Amino acid sequence: MADGISSFWGPVTSADWCEKNYVYSSYIAEFFNTISNIPSILLALIGLINALRQRFEKRFSILNISNMILAIGSMLYHSTLQRMQQQGDETPMVWEMLLYFYILYSPDWHYRSTMPTFLFLYGAAFAVFHALVRFGIGFKVHYAILCLLCIPRMYKYYIYTKDVSAKWLAKLYVGTIFLGSLCWLLDRILCCDISQWYFNPQGHALWHVFMGFNSYFANTFLMFCRAQQLGWNPKVVHFMGFFPYVKVEKPKTQ
């Protein structure tokens, strides 16, 4: 905590990160770790508008909304450093991965009602369990397993996609998750050293920014793949020549 600034939220009861607490405001514990979630909210809002405007399936609207909820939960967590807010950040992380699992695997699932029912019950059970039991490494292992379960299908979509621009979305997805994970790891492992530096590179805040773009690229790539499955003739176009989004041309019968 910075000299002369008191904590509005009281003692820290959650996991603490490498950023110094309450440097800029008594209401925001980790300033950069808090505001770095804003790009995630804006990118998810752009994805939501595109999904609604082109009448994609509701799953993509829900996915983008879940991205926004996760970012808001992360802002509340890092601004307060309280255990309840940490759970409000971690539980949506699991819910979001369950949504990705559904979007990736549901097109080939023969029993349509069983998957969403199971995933809903699983997410609800996890939320209750996580509210009652505090576990650190267990959550990280559980989250990593959910991420790994999605990789085979993402790779399958990549190799079956012929569109060069869509493949670039997948590559950007891999690149951002690699850079974000590197920032996250360095911030955790080298925190003692970084704390002595004159300038803190804010690795965890960079993780938030990279993961905001990571989610956007993942969502856009999955929207492209789903539009292909539905015969909507999707194309990856670029706003102002650089910002990618999916544009579809649905058959007139739809």
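In case you wondered, yes, glycine gets a Cβ from its N, Cα and C as well.
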- Message: I'm validating the feature mapping. Which of 31-49, 145-163 is tagged transmembrane segment in TrEMBL?
- Response: 31-49
- Taking pairs 6 or more apart in sequence, does the count of Cβ pairs under 8 Å between the transmembrane segment (205-225) and the transmembrane segment (61-81) hit 3 or more? yes
- Same-chain residues at least 6 beyond the ends of the transmembrane segment (31-49) with CB under 8 Å of its CB atoms are 17, 19, 23-25, 60-61, 63-65, 67-68, 70-72, 74-75, 78-79, 202, 204-206, 208-209, 211-213, 215-216, 219-220, 245
- Intrachain C-beta neighbours of Trp17 (Ca(2+) binding site), sequence separation six or more, cut-off 8 angstroms: Glu30, Asn33, His78, Asp187, Cys191, His204
- Excluding Asp16, Trp17, Glu19, Asn21, Glu30 themselves, the Ca(2+) site's Cβ centre has within 8 Å the residues Cys18, Lys20, Ala29, Asn33, His78, Leu81, His204
- Near-site residues: Zn(2+), ref His78, His204, His208, CB cutoff 8 A to centroid: Trp17, Glu19, Glu30, Phe32, Asn33, Thr34, Ser36, Asn37, Ser74, Ala205, Trp207
- The answer, for which of the binding-site residues Asp16, Asn21, His208 has its Cβ ringed by the most other Cβ atoms inside 10 Å, is His208
